[in-house]
Amino acid sequence: MPLSRSLSMSSLPGLEDWEDEFDPENAVLFEVAWEVANKVGGIYTVLQTKAKVTGDEWGDNYYLVGPYTEQGVRTQVELLEPPTPELKRTLDSMNSKGCKVYFGRWLIEGGPLVVLLDVGASAWALERWKGELWDTCNIGVPWYDREANDAVLFGFLTTWFLGEFLAQNEEKPYVVAHFHEWLAGVGLCLCRARRLPVATIFTTHATLLGRYLCAGAVDFYNNLENFNVDKEAGERQIYHRYCMERAAAHCAHVFTTVSQITAIEAQHLLKRKPDIVTPNGLNVKKFSAMHEFQNLHAQSKARIQEFVRGHFYGHLDFNLDKTLYFFIAGRYEFSNKGADIFLEALARLNYLLRVNGSEQTVVAFFIMPARTNNFNVETLKGQAVRKQLWDTANTVKEKFGRKLYESLLVGSLPDMNKMLDKEDFTMMKRAIFATQRQSFPPVCTHNMLDDSSDPILTTIRRIGLFNSSADRVKVIFHPEFLSSTSPLLPVDYEEFVRGCHLGVFPSYYEPWGYTPAECTVMGIPSISTNLSGFGCFMEEHIADPSAYGIYILDRRFRSLDDSCSQLTSFLYSFCQQSRRQRIIQRNRTERLSDLLDWKYLGRYYMSARHMALAKAFPDHFTYEPHEVDATQGYRYPRPASVPPSPSLSRHSSPHQSEDEEEPRDGPLREDSERYDEEEEAAKDRRNIRAPEWPRRASCSSSTGGSKRSNSVDTGPSSSLSTPTEPLSPTSSLGEERN
């Protein structure tokens, strides 16, 4: 084994890599998380999609460590015998001492090996281990917090496993243990407390305190430096959890977060600056449709249109060919996920479309699981009526076609008055009468348990979007995960996303954001924010995100009302696009898929592991940190198909126009403005200040020559036109509705 290895630049700008290809022969990687073969939240997606890339790098020296769950093992894991004698002795030793440890292969792409620890079977040691945690780390865990108690059991079992594995190996390998989130953090703290020779990494996908604070309607990002973190955690009764998370962040050799915005948050709340940002990727191959993705969009849209026909029966007075489908999906966190600002923007969009006489209709879906007790009867009836109409039309069509065929067969033109008999007319009239309804189409597809206090329904009542015939924006709240077996909307989530036109995710708190990333790899434009990890990442890597269908909403430096105005502008501009423009934009969006592939983003994790090895084993690995400017990284240029700005265009002919007063190379008039590079640079320096976001920007023109404005346009650029009046007073909304 070489005694020293050095790190150098990889093909990815800004990241370090081994000078030679890393040889994992004498190194073992354990990735520890509560969501290994146990779907709870987004970390499950991270581990599942990243397993193939990590397995290609580490081979059979890569193991995932997670909790044993009967459901997970029965459906996702194939139990196996350990492949190495050291690992077999480790499991046998733990099982003989009262633990239950299982080994198998996770049945996902890449087929990683997993070690599953039965937390419940070790509950006999909980009180003793909680006492040891207090003696070692001064962290006390209350008896009533089951999740925290499970974290203690899981942490001690993980540490026991790693220590036993090292003891059973005669040739001590270099062990890297990567812990995800606070639920696995206890194990990291104990590894350091017991001085195990393990290189440790801790990744936080969202800080505990940050999620709680943002859910409480706090001006979070403007007060990051002012929070009394101990007091805030104590008031929310999560102080012990916060201590676990903070201790893990400080004990780790390498601390990482999933985005730059979360890194800022962690620096202030956990009091340690992350060593590296490890963005979340996707298995792009799973979503790849090559040139077929436009056809898939049309097919999926047809499935959604079938649902819309049934849902709006009796009020289907809008053209489905001129209807756009927007959606928001995710955990039901009304403010954190931006459902509040989305609803307000939809009300303003409805006003703009009505005032301007637009023929476009927008159907906005809210896919957020909530507490329900059954399907809405009106919604089920709508789908039944649609199917009945379809059956009636098919019956009449078959009779009509048979009579037409027989008439043509004898060589005569059919008598149109005899093609349909009275029975057919009666059947069609009954079908028409069935489509009549007195009430508006329902907003919610299910019966909500907390109908009167539900935040989405309460807001809809306030803004008055009741799916009336006069509304150009329709709202459908589907408080359940999508499934292809549903009697209402029988499509899975991926098919639904492909059929929509725009995903809207104006989140206030979103450490990464898989939903807009999934839209991107499927070629669907999306709206994200500069407070989400995905939005910050795309803003950093793309010169003009909006040209690629990635709209970045400013929620960090603008007020809530101004952010809502900007979102309204994005939505209205999107509605003004032609069908051809939307097709071109979807093509551009789909091109960004490779940027989100784990084959690219997995290198950030590689860099974190190399950094941890260099810190844990400095005698064998060296690491030379250095700063790299973000501008040195690759940035997607503006698409060539986007029309250039008029200010940057050039004459297409060398000959002057008749209305030009002077030749292009001739002397300038005295009253015209000369361009002085140093003077303009000085103006720019004077204009660099904290962003101020006025409600409307004003433009001034001067006579006698062109004058440059002394203000800098700090708003995000967009290749689409924005409405002249993106806002109207709330009173105007009410007057128009009345």
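Note: Cβ is positioned from N, Cα and C throughout, glycine not excepted.
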Hey, which of Thr278, Thr722 does Swiss-Prot call phosphothreonine?
Thr722
If I look at Swiss-Prot, which residue among Ser657, Ser718 would I find recorded as phosphoserine?
Ser657
From the candidates Ser672, Ser700, Ser717, the one which Swiss-Prot records as phosphoserine:
Ser672
Phosphoserine according to Swiss-Prot, picked from Ser288, Ser407, Ser412, Ser526:
Ser412
Of the candidates His240, His501, His541, which one does Swiss-Prot list alongside His291, Glu292, Gln294, His297, Lys301, Arg582, Arg586 as binding alpha-D-glucose 6-phosphate?
His501
Would you please pick out, from the recorded positions Gln294, Ser412, Thr515, the one with the fewest other Cβ atoms within 10 Å of its Cβ?
Ser412
Which of the binding-site residues Lys39, His291, Lys301, Arg331 has its Cα nearest to the Cα of Arg211 (UDP-alpha-D-glucose binding site)?
Arg331
Candidate nearest Glu292 (alpha-D-glucose 6-phosphate binding site) in space, where candidates are the recorded positions His205, Arg331, Ser412, Trp512, Thr515 and distance is Cα-Cα:
Thr515
Tertiary neighbours of Glu510 (UDP-alpha-D-glucose binding site) (same chain, Cβ under 8 Å, six or more apart):
Asn336, Lys337, Ser528, Thr529, Leu531, Ser532, Gly533, Phe534, Gly535
DSSP state at Lys301 (alpha-D-glucose 6-phosphate binding site), helix/strand/coil:
helix
Out of Arg211, His297, Lys301, Arg331, give me whichever of these binding-site residues has the highest number of other Cβ atoms within 10 Å.
His297
For His205 (UDP-alpha-D-glucose binding site), list the number of other Cβ atoms lying within 10 Å of its Cβ atom.
23
List the same-chain residues at least 6 positions away in sequence whose Cβ sits under 8 Å from the Cβ of Trp512 (UDP-alpha-D-glucose binding site), in sequence order, or say none.
Gly42, His205, Val258, Ser259, Thr262, Pro279, Asn280, Ser532, Gly533, Phe534
Helix, strand or coil: which one is Thr515 (UDP binding site) in, per DSSP?
helix
